[in-house]
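As given in TrEMBL:
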COMPBIAS  141-153  compositional bias 'Polar residues'
COMPBIAS  167-177  compositional bias 'Basic and acidic residues'
DOMAIN    14-101  domain 'Ribosome maturation protein SDO1/SBDS N-terminal'
DOMAIN    110-209  domain 'Ribosome maturation protein SDO1/SBDS central'
DOMAIN    211-303  domain 'Ribosome maturation protein SDO1/SBDS C-terminal'
REGION    141-177  region 'Disordered'
REGION    227-247  region 'Disordered'
Amino acid sequence: MPINQPSNQIKLTNVSLVRLKKAKKRFEIACYKNKVLEWRSGIETDLDNVLQINSVFLNVSKGQTAPSADLAKAFGAKTSVNDIILEILNKGELQVGEKERHAQLERVHNEVVSIVASKLVDPKTKRVYTTGMIEKALDMLSSQGSQAQQEKSAGSGAGTPITGEEGEAKPKTKEHVWTGVVATKSAKSQALEAMKALIAHQPIPVARARMRLRITCPTSILKQAAKTAGPKAVGADAEDGEDKGKGTVKDRILSYIEQVETQDVVGSEWEVTGFVEPGAFKGLGDFIGGETKGQGRVEVLDMAVTHED
């Protein structure tokens, strides 16, 4: 016996919902899975490939379409259905199912681990770690970070502020804590957080892979005295009160370079190729730009130099 359904009800399954609340009403559109993010990132440009049906709903799961009066009240009488759909698609909240949420989290997690593995090396051998080793190290940090947060919340308000020798309160240093990947942040930003935490806590010996740069500077400037302060001295140099930045422009440039690969004079220009810590790159670029007044150049030959087996 055939079952008669109301003509305004449309049954849809296997969909991704985009929901927008406006004028005290909730409007929904039914889209194909994974197509909403592609549309918002500009990968997909054909609306027909995104929408399962070119209609606006009050409730997709019940197949209840939105009355024209509700659409006119919320979006304006002159706004077309196509424009309403575009507004919901671009501004609405994407409703993600449990399976899709898990798949998205797994994709972000794999991307974070891959980025971290390509940027960090063993400080002694300069070789990269496998993604499996990076994943285990991050898991260790994640469990430690969760435990530290629990202890912090349990003992909040009971501690005394840390003070220096003269009784003055010391400023709190930012702790790099890793608690795991989330789907709401970009993989790139989370990879940066993960690298900072790994370097700070060292569950395995890691360091940022060095950058390989080529620096070009007119020979006429090299012997001039450097005007700006040099990179901060560390360890024994700092204790002796030495300033790595004292001396000529050439001395200053070389003080930024951890390992010189080649240096030569070509015509009226001095050229040096070498390896630089990523943290020193900005300071070197600013120094070259300021001291040479735009005549010097810094070229990145390799963002992360690693040795692989």
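Glycine is treated like the rest: Cβ placed from N, Cα and C.
For the domain 'Ribosome maturation protein SDO1/SBDS central' (110-209), the predicted model reports an average pLDDT of 79. Residues of the domain 'Ribosome maturation protein SDO1/SBDS C-terminal' (211-303) grouped by DSSP class, helix first, strand second and coil last, total 31 helix, 32 strand, 30 coil.
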